[in-house]
Each structure stands twice: as structure tokens, then as C-alpha cells.
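Asker: Feature table excerpt (Swiss-Prot):
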BINDING   19-26, 81-85, 136-139  GTP binding site
BINDING   Thr26  Mg(2+) binding site
DOMAIN    10-206  domain 'tr-type G'
REGION    19-26  region 'G1'
REGION    60-64  region 'G2'
REGION    81-84  region 'G3'
REGION    136-139  region 'G4'
Amino acid sequence: MSKEKFTRTKPHVNVGTIGHVDHGKTTLTAALTKCMAAKFGGEFKAYDQIDAAPEERARGITIATAHVEYESAARHYAHVDCPGHADYVKNMITGAAQMDGAILVVSAADGPMPQTREHILLARQVGVPYIVVFLNKADMVDDPELLELVEMEVRELLSKYDFPGDDIPIIKGSALKALEGDGSEIGVPAVEALVQALDDYIPEPERAIDRPFLMPIEDVFSISGRGTVVTGRVERGIIKVGEEIEIVGIRPTAKTTCTGVEMFRKLLDQGQAGDNIGVLLRGTKREDVERGQVLAKPGSITPHTHFEAEIYVLSKEEGGRHTPFFNGYRPQFYFRTTDVTGAVTLPEGVEMVMPGDNVKIEVKLIAPIAMDEGLRFAVREGGRTVGAGVVSKIIE
């Protein structure tokens, strides 16, 4: 079979394996690279190469993550796999590896286990939008009724956490057999069917440039004779000269107009996602704007003080706290470019939170911040990072 030409023109989609320890996430990851390399080109990564994942630091947190890539007929996939449960928790909460969709691996022999549940809950909390299931080790279950029972359990569990359990594709197979090149239904064809399910079920992610304009403000300058310039890196969307924009967060929302965009001291007619720019604001005084606010397309984002979040608390070894914290804890929450103090309410029945834990909390900030669900933040004490979190629900 001739290999199709490897091109970079295919849309790029980020996925990752999640699920209970020893259910076959890393074996499946290796099988995906092998089966797809054979069909569409790309590089096969063996189990040992993936399992020895290098440690990375994201927001001051050490996370071991393996990154692999493979092609399908329609797409280029970037895929993350983590060696340990704690790495998954950290990865999902910090957004170090943003996922457009997740592959939930469940052993058909064991059915859903505690980490299966925990990873589904985390996926819901941090806003992983789509899940596709690979029911692994199907060769270890002789009774087809038992296999159906496990499938039902998985669907129920997904529905419980607000995923569309009845509609989610579930592919049955054996990652190990696929990795060994087995051509039977549960071998290579099962992995090919999984990739087809990713292609069909996970929609192409919206590119940052197509989303509503947003730029976190890093600095504010006054330029005599020209007015006020704010600088920062455009997070999403496009800003054109002459467009009306809002300044959101910390103070009451204010409207202004962009009268100029500059980059590297050159004037442009627009700035777009990824650009480091200065934006000239009409009629805005230097003292009306500050770091920590955002420039945004009018009506696209609102300021909030009260929200629910999922946080990971750094362990002592990671440079975090040495002691637990309790209800009413008041650290700083670092959003984009600035710290805001907030008070923490723990869930009912949770007395305290230990370093190394992850927990759902409620936060009330002393000043409003422009936010939407999925926004990442750091938890800090006097400039030192002690945790990482993600906004899971806005309360007010």
C-alpha cells in the first residue's frame, strides 16, 4: 500500500488518553502511532519511549507528559499521554496540554474504576468538550453479554457527569494485539476505527483567530499628543483600527475605540491572535486603565467575583505549602497578568486540603476579573505559586 504524502495542510486537533491505571492508555498510544504511521506516514513511538515521559514545568508545576503525533485521512493529531494519575490531574487543571477531545480507555476486564470516574469528572470540570471511548482488553472477556454490560456501565458513568453517554462512540478492541500487528477485528482494525471515530465525532476546534477579540493588558503608557497606549499579547481574535472595544475587569466596564495598533514600532491596521501589540485608545486616560484588565470585543466577556474552580495544590516537593489550608483560606488568585485576593470555601464535608491534593472550591474575589469558564489561574501566596486552577462554573 503506498503511503499517502505527509502534509502539514491538515487541520490540527489535540487529543489525549485518560483512564484508570493499567487499563492500557500507553499501549493504546503506542498502537495509535504504529497503525497510523503504517497507513499515513509519521513516526512509530514504542511503549518504552512513551512511558519514559520527560518532566516539564508548567506554571511552576512539574508534570510528566509524553507527546506523540499521528495522521488520519483528514487530520493531524497531537496526542498526550501521562505516566501517573497525579500527572493527569495536573495536566488537565493547568491546561498544559489543552485537549479538544479525550480518549477514555477502560479495561473490558475491570470495567470503570475510581480513576475512570475521576478523569471523567476532571474532563467535565476543566471543559474537555468531547470524549471517545476505547474498551480495551476485549480479548480477555469471552462473554459478549459481559462486554455489553461494561459498555452500559461506561455510558451511565459518562451521562452522570453530563457527557452524552448514549451517543458517545465506544470502540472495542485490544491495544496490545493492535501493537503486535494482529489483523483480526479487535487488533489493527479496532485502532483504525478509533481514529475514524475521532475524525467523525470530535469537531474541528475553532481557531484562536476566529474567536472574539481579547487582549490581557500588561502595561499602560501615556504618549503625549497621542493618548493612552496599552500593550499585551492578543489571546484571541482580531482588532482593527476604528473598532469599538471594552475595557473589562477590576473597575466598571468602559467602552473605548482603538485608534491605532502598533507592533515593533510600526503602525498596522490590525493585530491578531499571537501578536504582541500596543493599542492606542481614544479618550481613555492613563489612570483609567491598569494591568490585569482586558481589552475585548464588546459584550464578549464579563467581569465576575464569585466562581467555582477545580484546583491542584502543589506538594511540598514542588515548592508548595508544607501545611494544609482550611475553609476561609485567603490567597491571591493570579489571572492572566495580575493577582487578586479571594476567599476560599471548601465543599461540604471537606475539613482541610493537603499539599498534593486536588479539590473543587468556591472563590469570592475582592475585585472583579474578566472571566469565562475554562479560564486558568495560579494560586499564590506573596508571589509564590502554591496551586493551579481552572474556573469550572461562574456563580456571579
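Cβ from N, Cα, C; glycine included.
Explain the structural surroundings of these features, please.
Answerer: Under the DSSP three-state reduction, Ala138 (GTP binding site) is assigned to helix.
All protein chains included, Thr26 (Mg(2+) binding site) registers 23 other Cβ atoms within 10 Å of its own Cβ.
Long-range neighbours of the region 'G1' (19-26) within the same chain, counting only residues 6 or more positions beyond its ends whose Cβ lies under 8 Å from a Cβ of the stretch, are 47, 50-51, 66, 81, 83-85, 104-107, 110, 112-116, 119, 134, 136-137, 175-176.
Tertiary neighbourhood of the region 'G2' (60-64): same-chain residues 53-54, 82-84, 87, 90-91, 94, 96, 312, 314, 318-319, 378, 385, 388, selected by CB-CB distance under 8 Å and a gap of 6+ residues from either end.
Across the range of the region 'G3' (81-84), the DSSP-based residue counts are 0 helix, 1 strand, 3 coil.
Residues 23-24, 27-28, 105-109, 147, 172-177, 186, 190 of the same chain lie 6+ residues outside the region 'G4' (136-139) yet bring a C-beta within less than 8 angstroms of a C-beta in it.
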Asker: Report the DSSP secondary-structure composition of the region 'G1' (19-26) as helix, strand and coil residue counts.
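Answerer: Going through the region 'G1' (19-26) residue by residue, I get 2 helix, 1 strand, 5 coil.
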Asker: Measuring Cα to Cα, how many angstrom lie between Cys82 (GTP binding site) and Thr26 (Mg(2+) binding site)?
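Answerer: About 8 Å separate the Cα atoms of these two residues.
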